[in-house]
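Some notes on the structure that comes next.
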Amino acid sequence: MASFVARLTLALSFIALALAGYSLVQNTLSSPTHTRLNLIPTWLDSTFDSADVLSYLGFGKSSGRLSDSNCVFSAVKEIVDAAITAETRMGASLIRLHFHDCFVDGCDGGILLNDTANFTGEQGAPANSNSVRGFSVIDQAKRNAQTKCADTPVSCADVLAIAARDAFRKFTNQTYNITLGRQDARTANLTGANTQLPAPFDNLSIQTAKFADKGFNQREMVVLAGAHTVGFSRCAVLCTSTNLNQNRSATLQCTCPASANDTGLVGLDPSPGTFDKKYFEELVKGQGLLFSDQELMQSNATVTAVRRYRDATGAFLTDFAAAMVKMSNLPPSAGVQLEIRNVCSRVN
């Protein structure tokens, strides 16, 4: 009996810690005045499974919603971790793929739809063509979730959100809260991809307007641009002078002109495999790679944000996580037909 009481006390302590962490995140997100999100340590995040505690107590596996959701989180994380371990660059690609989905008519998985004889999707837009990647990782993660969590339908839009969060975790050993419940659009918006996505040649005014249209202020715009602390840009993009910060033209390691199929890559900052503050350090020095990057130094508000994140990695990670949570909850456009796709690249 004493042994059982001791085990029960320990288990309840674990549950109390988990609920305290969840409450902290929920209270932070719901506060109308919040500017920062307290990051969740990786040992106490969305993969915490109540079934572990119940099993420890001898009550068997739980069939509750928490356990079902965590099955999905675990199934997606397994694939994402393996993909990034095999190729670090894939982490940046998955964050970008989620961004490019959500910024066109909300987080609806529209970017994943392939063209057909009767349908032209978003993948051929200039911002996406020969640029966004990671589709096969999303497909694998979706199949893994379908196989291991058959009782919990998960949308492709959900998989994108989870994959981006897990990429952030893989880079930083920090995480943030993602909930399930998104649905997939039965259509995509090529025109929207051409007009709503930020472009490397956008000046500060245009960038500000595009982010404001999605409900983001300039500080949030700057912190989301900080995703350029990881990943690469293609020489095919950089050889177009309007895309490149001209301060970098003399040292650009590309052979220009470059064809659309050119495979040359340049790191978006000096440490493209590390989620750090070097991106912001480069902006302050006038050495941002893209024209749109360096434009963030053109107003008092954006300069203040850039300097904030240059000086404090913790503030960068916290604010980035909060902005990603906000972005991951951008709703689909009104009137769009929704479903949960069986295969992410085509409608049911």
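Placed from the backbone N, Cα and C atoms, the Cβ positions cover glycine too.
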| said: Given that Swiss-Prot assigns Asp269, Ser271, Asp276 to the Ca(2+) 2 site, pick the one from Thr208, Thr229, Thr240, Thr318 that the record assigns to that site as well. | reply: Thr229
| task | With Cys149 as one half of a disulfide in Swiss-Prot, pick the other half from Cys71, Cys102, Cys107, Cys156. | result | Cys71
| What's the CA-CA gap between Cys344 (disulfide bond) and Asp108 (Ca(2+) 1 binding site) in angstrom, rounded? | 11
| Those binding-site residues of His228, Asp269, Ser271 having Cα within 10 angstroms of Arg96 (site 'Transition state stabilizer') | His228
| Cα of Asp108 (Ca(2+) 1 binding site) to Cα of Cys71 (disulfide bond): how many Å, rounded? | 22
| Alpha-carbon spacing, Asp269 (Ca(2+) 2 binding site) to His228 (heme b binding site), which is rounded to whole Å | 7
| Check: same-chain CB within 8 A of Ca(2+) 2 site center, minus Thr229, Asp269, Ser271, Asp276 | Val230, Leu268, Pro270, Pro272, Thr274, Phe275, Lys277, Lys278, Tyr279
| Cα distance, Asp276 (Ca(2+) 2 binding site) to Cys235 (disulfide bond), nearest Å? | 23
